[in-house]
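Step one of this worksheet: look at the structure below.
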């Protein structure tokens, strides 16, 4: 896998070097910080598209929620928008005032009308979101320690997994005119999580090609994590996880995939470039003194922010960024309708993640789609980010803590995928 990627001027070797020597070691460290390791998620939301076909009973599908006592006090006490100490205090005052106002003004309203008011406010807030966000106030939403629940191969496959990817590609992805899918989940010879999309690549504009590549790249990245962290054997109840070259070959080898494997991996690099660009664009948001990455531990928070700003500095230094102006700009009306189209398609994909039967796959699927959704939100909001006030939270562009955690961890997963790809290259050479 070498050379220049389609639809941009960047080559694979430059990304490999940049990721290996600059990004990967730092993003690994950042993901271990308290602010980024705890993710609040609702794994009990019902699938909105088809009757639930049962949860995975394989023990490796299980997600261990975090006990309340382990969550840092600044995160536990926070609402979704709290990322600094000052914001915490002012937000609590605002919440109280809002409750009093609603109580005073709406004393004559029925409960149903009050619910409608709350729904309208929530609708207004969600207009900028590319993902269906979990309601953090739901009793089913729990904090998960991502370090204790790593993404890896759980054994979840077959018709249930196939249906999820099929729905994403067929119904929610801008796709070329014909899509050939040789993978039959009921066939005895094979089964798995991957989707084979061999198609004629004609008739799609740049924007829609990009959307397809983002989803394909995300899919390739998830498959790479599963191949790199595969259950190799389980002796005396002690599982041994590691890279599975045979599984990697099955999913990505040009001959096994009829030429599709390398294209999937190129889409992974393309997705990496898009999220890298989003990180470089959102830097001014975090460079403001009002943003603290607040956990309640001042020393830890300062170190986390310094490390994050150091990563932003690296992302800005990369000299072959994807030029999003060719896509996210254009005339105002066209850009607005494209954003809305992207948003609705992507929101649906995030909802499909509630149909994943394996809890661990669902957790990481939700986190990575939310991370990509946040990256798209950033790329479509460049003007708002450039005009942020220095010393106060902005109305025009806002990120919740959930979005920040998802953005960093999703990019961390892509960085890991590209690193794992280097390992597989070495392993493949050794087996020849």
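Glycine residues also receive a Cβ, built from the backbone N, Cα and C atoms like all the rest.
Copied over from TrEMBL, here are the features:
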DISULFID  56-61  disulfide bond
BINDING   152, 154, 165, 216, 219, 251  FAD binding site
ACT_SITE  358  active site, nucleophile
DISULFID  358-361  disulfide bond
ACT_SITE  361  active site
(request) May I ask which of the recorded positions 61, 358, 361 is closest to residue 216 (FAD binding site) if we compare their C-alpha atoms? (result) 361
(message) Quick check on the recorded positions: of 61, 358, 361, whose CB has the lowest count of neighbouring CB atoms inside 10 Å?
(response) 61
(request) For residue 358 (active site, nucleophile), find which of the recorded positions 61, 152, 251 come within 10 Å, Cα to Cα. (result) 61
(message) Going by a 10 angstroms cut-off between Cβ atoms, which of the binding-site residues 154, 165, 216 has the sparsest surroundings?
(response) 154
(request) Tally every other Cβ atom lying within 10 Å of the Cβ atom of residue 219 (FAD binding site). (result) 22
(request) Check the binding-site residues 152, 251 for other C-beta atoms within 10 angstroms of each C-beta and report the one with the most. (result) 251
(message) What does the structure give for the C-alpha distance between residue 61 (disulfide bond) and residue 165 (FAD binding site)? Integer Å is fine.
(response) 18
(message) If you pair up every Cα among 152, 154, 165, 216, 219, 251, the residues annotated as binding FAD, what's the maximum separation in angstrom, rounded to an integer?
(response) 21
(request) Between residue 165 (FAD binding site) and residue 361 (disulfide bond), find the distance joining the two CA atoms and give it rounded to the nearest Å. (result) 12
(request) Work out how many Å separate residue 361 (disulfide bond) and residue 154 (FAD binding site) at their Cα atoms, rounded off. (result) 8
